[in-house]
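Asker: Sharing a structure here in structure tokens format.
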Amino acid sequence: MSSQSHPDGLSGRDQPVELLNPARVNHMPSTVDVATALPLQVAPAAVPMDLRLDHQFSLPLEPALREQQLQQELLALKQKQQIQRQILIAEFQRQHEQLSRQHEAQLHEHIKQQQEMLAMKHQQELLEHQRKLERHRQEQELEKQHREQKLQQLKNKEKGKESAVASTEVKMKLQEFVLNKKKALAHRNLNHCMSSDPRYWYGKTQHSSLDQSSPPQSGVSASYNHPVLGMYDAKDDFPLRKTASEPNLKLRSRLKQKVAERRSSPLLRRKDGPVATALKKRPLDVTDSACSSAPGSGPSSPNSSSGNVSTENGIAPTVPSTPAETSLAHRLVTREGSVAPLPLYTSPSLPNITLGLPATGPAAGAAGQQDAERLALPALQQRISLFPGTHLTPYLSTSPLERDGGAAHNPLLQHMVLLEQPPTQTPLVTGLGALPLHTQSLVGADRVSPSIHKLRQHRPLGRTQSAPLPQNAQALQHLVIQQQHQQFLEKHKQQFQQQQLHLSKMISKPSEPPRQPESHPEETEEELREHQALLDEPYLDRLPGQKEPSLAGVQVKQEPIESEEEEVEATREAEPSQRPATEQELLFRQQALLLEQQRIHQLRNYQASMEAAGIPVSFGSHRPLSRAQSSPASATFPMSVQEPPTKPRFTTGLVYDTLMLKHQCTCGNTNSHPEHAGRIQSIWSRLQETGLRGKCECIRGRKATLEELQTVHSEAHTLLYGTNPLNRQKLDSSLTSVFVRLPCGGVGVDSDTIWNEVHSSGAARLAVGCVVELVFKVATGELKNGFAVVRPPGHHAEESTPMGFCYFNSVAIAAKLLQQRLNVSKILIVDWDVHHGNGTQQAFYNDPNVLYMSLHRYDDGNFFPGSGAPDEVGTGPGVGFNVNMAFTGGLDPPMGDAEYLAAFRTVVMPIANEFAPDVVLVSSGFDAVEGHPTPLGGYNLSAKCFGYLTKQLMGLAGGRIVLALEGGHDLTAICDASEACVSALLGNELEPLPEKVLHQRPNANAVHSMEKVMGIHSEYWRCLQRLSPTVGHSLIEAQKCENEEAETVTAMASLSVGVKPAEKRSEEEPMEEEPPL
């Protein structure tokens, strides 16, 4: 819009005007119309020109006017554009409203059409329904007329015609009934007794209308739902109804025949037999075990549920399925109608520790179950004695329904075991809880005797010929173990009687030298007291001349009553005439005391062997019936004094408790849960088999208190996972919603960490208490070191989050309690589990008094739990006291012995020596041992390597080191590694590492990982700077470098020291090459 200006002030469109001479200026007016003089393309009125003489003064105002004019033009254009824009918007709105009205009209029209179509369809359906009703009514009328016609024909029939003709259905039913009867009769004739198939005699008692005490159908396992011989419904007892023309005599004969058949069944008692025979060979009655009606009630007594088991025999069996578990499962199922996907732990790498494990199909599960049943009997054969009165938890059932729902089998098998018991047999140990016998045996198939596999054909003595044998492995285990235990007891009773007879001969012939008594570790205290009275009376008859009745009997006591000094004083105070008899009696008492002490020691060994097999035995908690002190004869029985607690040996301590075995998923399938009870049971059996357990001191564990748990975990977390279900109901409902239904059918907090409503809280607290007890005994000097065989693990458990099989962090709680109660200033925690201990790191991340060092697979955060990066060094005052030896590089190649030994040599041990701890705690997970699948580890360490790592750590803190079991799921691997660690703790000579490992250099990924860790922590620990050049060396090369360095230092020291100080030193202390004085 702007025009180019000339120097004279005119625009480019204007032509220059010729100046007039001064003579003509005087004759011109002041203003002139120059319209005619302008060019044609310039409008005269558009640009008026001022031709006054004083134009030179108005020329500077021309650009300002032009600018103002341009501004006005711009404003006009803007207003025009604004008006056009408003017009467009109004047009758009008008068209939009028009289109909206059209669309709405079309929508209404469509809805109207749809409604009309629905109305027509509904009307057609109504008409069709009416036609169907009419047709059905017509058919009913026709059928009614047909029946009336038949009835009329029957009324008007002739006398010679038959009154009724059997239909085709009746004939088929009759034929099937006759065939079943013939098959059952032929089967009985072939076997001469009832079939051994449980389905037969369950079905045989189910249909009976005469036997009202048959077990309810709900108690039968799902495996019994197949059609069986001789089984038919109650309505089919008499397939042909009696007609008016049939005589009653025929019906009575049928009833008598049925009663005779039922009397021949071995499941019912025969009342016509003699009483002695019935007591001696009493067949198994279902009503005694599967029903809880009164013992003397008749057939009309109502049955109770199958879960209520009669305690008539003095035993209350353990019911596997508890109401608490049922209620939790019911809450999980009924919450929001269905179970949503699991709200699992979310991490940057892996959400769950078992992600990627192959799923086990039903066929594999069935095969594993058969192998488990095959391997269970050899495991039970090895020195496992089952006491009468105990109840086996059915871990060997063929299906979860048979284990949980089949409550009729458990009392049935228990009653069967009681029937095998002789009348004089009494329960030796009472109060034993459920015994979980794991299916996987530590003993391989090559160690199993061939005769053990024949136990399924074993028929116990005393059983009637018609009584069927149980068909599952659990009942066979009951019977076999029962008989073995009874044979042991009979054998040792005879030996005990011979031993007591020998003692009596010693009393009657004091001049004969005493012989060493035989040892029988299987005897119990009850047997000692049982034979005590029998031995006292003959001894009173043999020594009638003694004056003091208190010395008349030799008592075999549980513990000594008097010390030897007191006995010597009593001898000195006796009269001279009684001194020989008193000395003789003292000799006898000493012999009996020695014998009893030896027997108590053997009883403890027997108790340990039973605990190793998974059977808790406590002799001290049971006291047999004894004579009251107020009775006249009580003076001859001295009072027994409880044994004072003995001080443990200063050696390696072990802690283990069978209650931790009960923490199992309610689905019962251990194949889908790597963290199962067989882990610690196999380790404990391995320690027993190798003899390492006998060299250690076994301590008693306990449950950790809630206050101890809250040293690391929050109060809500402690109450939720550490209390019973009743206390859990008092918590906020949002807290209890963390439990979810697992795909296997059980309950858990995620797909890995299962939850058992009854046993998980107790097992988790017991694991913490066992670790705490062992750590405190080692820290106070009662024990040298220790190994805790505990589960569930704990190093993944955070302050308020359970994960990775862990609920409570046992090692972290023990460290906190050491700080609070014993004022331990420096604690070293080494975690060599293949997974990072995120919970332990969180508990001490800002604590400079606890040095946490973890060796784990990291893979840049792509391995569970995703934490444990090398740059996580701590915070606040704890900076530098959190060392993560994070291996990166995946499994190409996997880490092995050379890499872990190099990490210990260059990172772990130098920092630990510089830290100088007072106590060393080890989160001892063995899932880095070879044999674990990739999701659970994938590394190839050997079990021997962990023995050498343990031996290196024993050089710290004066040897005060405690290992607590964490991860590890391959049974062979964890058993070998545990054996190696316990051997190292005991100070045994370890097997040498292979030469290949000694000369093998760590792989490139491991070297890179160690260099990264050393670079980060070199500013906190000065010892790392000296060892950085030897990271890539093998063990042999590193030892050579250290020897050369030591020789160089020695040579430099000898050159810098003068002769006189050397001579003076030789006089004061020996040199290195001299032998120490």
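Residue positions begin at 1 at the first shown residue.
Backbone N, Cα and C atoms are what each Cβ position is placed from, and that goes for glycine too.
What Swiss-Prot shows for this protein is this:
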{"type": "ACT_SITE", "residues": "His796", "note": "active site"}
{"type": "BINDING", "residues": "Cys665, Cys667, His673, Cys744", "note": "Zn(2+) binding site"}
{"type": "COMPBIAS", "residues": "132-162", "note": "compositional bias 'Basic and acidic residues'"}
{"type": "COMPBIAS", "residues": "205-224", "note": "compositional bias 'Polar residues'"}
{"type": "COMPBIAS", "residues": "258-273", "note": "compositional bias 'Basic and acidic residues'"}
{"type": "COMPBIAS", "residues": "289-310", "note": "compositional bias 'Low complexity'"}
{"type": "COMPBIAS", "residues": "515-530", "note": "compositional bias 'Basic and acidic residues'"}
{"type": "COMPBIAS", "residues": "627-639", "note": "compositional bias 'Polar residues'"}
{"type": "CROSSLNK", "residues": "Lys557", "note": "SUMO cross-link"}
{"type": "MOD_RES", "residues": "Ser209", "note": "phosphoserine"}
{"type": "MOD_RES", "residues": "Ser245", "note": "phosphoserine"}
{"type": "MOD_RES", "residues": "Ser349", "note": "phosphoserine"}
{"type": "MOD_RES", "residues": "Ser466", "note": "phosphoserine"}
{"type": "MOD_RES", "residues": "Ser563", "note": "phosphoserine"}
{"type": "MOD_RES", "residues": "Ser630", "note": "phosphoserine"}
{"type": "MOD_RES", "residues": "Ser631", "note": "phosphoserine"}
{"type": "REGION", "residues": "117-312", "note": "region 'Interaction with MEF2A'"}
{"type": "REGION", "residues": "132-167", "note": "region 'Disordered'"}
{"type": "REGION", "residues": "204-225", "note": "region 'Disordered'"}
{"type": "REGION", "residues": "239-327", "note": "region 'Disordered'"}
{"type": "REGION", "residues": "508-530", "note": "region 'Disordered'"}
{"type": "REGION", "residues": "542-582", "note": "region 'Disordered'"}
{"type": "REGION", "residues": "623-646", "note": "region 'Disordered'"}
{"type": "REGION", "residues": "1052-1077", "note": "region 'Disordered'"}
{"type": "MOTIF", "residues": "348-353", "note": "motif 'PxLPxI/L motif'"}
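Describe the structural context of each listed feature in the structure shown, including burial, neighbouring residues and relevant distances.
Answerer: In this structure, His796 (active site) belongs to neither helix nor strand by DSSP; it is coil. All protein chains included, His796 (active site) registers 30 other Cβ atoms within 10 Å of its own Cβ.
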Asker: Output, ordered by sequence, the same-chain residues six or more apart from His673 (Zn(2+) binding site) with a CB under 8 Å from its CB, or 'none'.
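Answerer: For His673 (Zn(2+) binding site), the qualifying residues are Gln664, Cys665, Cys744, Ile754.
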Asker: Quick check on the compositional bias 'Basic and acidic residues' (132-162): DSSP residue counts for helix, strand, coil, in that order please.
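Answerer: Counting residues by DSSP class gives 24 helix, 0 strand, 7 coil.
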Asker: State the Cα to Cα distance, in Å, between Cys667 (Zn(2+) binding site) and His796 (active site), rounded to an integer.
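Answerer: That comes out at 24 Å between the alpha carbons.
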Asker: When you measure from the Cβ of Cys667 (Zn(2+) binding site), how many other Cβ atoms are you left with inside 10 Å?
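Answerer: Cβ-Cβ neighbours of Cys667 (Zn(2+) binding site) within 10 Å number 18.
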Asker: Let me know how many other Cβ atoms fall within 10 Å of the Cβ of Cys665 (Zn(2+) binding site).
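Answerer: Other Cβ atoms found within 10 Å: 22.
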Asker: Beyond Cys665, Cys667, His673, Cys744, what residues of that chain have CB atoms within 8 A of the centre of the Zn(2+) site's CB atoms?
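Answerer: Apart from the listed residues, the neighbours are Gln664, Thr666, Gly668, Asn669, Thr670, Ser672, Leu742, Gly745, Gly746, Ile754.
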Asker: 10 Å Cβ neighbour count around Cys744 (Zn(2+) binding site)?
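Answerer: For Cys744 (Zn(2+) binding site), the 10 Å Cβ neighbour count is 19.
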Asker: Considering every residue in the region 'Interaction with MEF2A' (117-312), what is the mean pLDDT value?
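Answerer: In the predicted model, the region 'Interaction with MEF2A' (117-312) has a mean pLDDT of 59.
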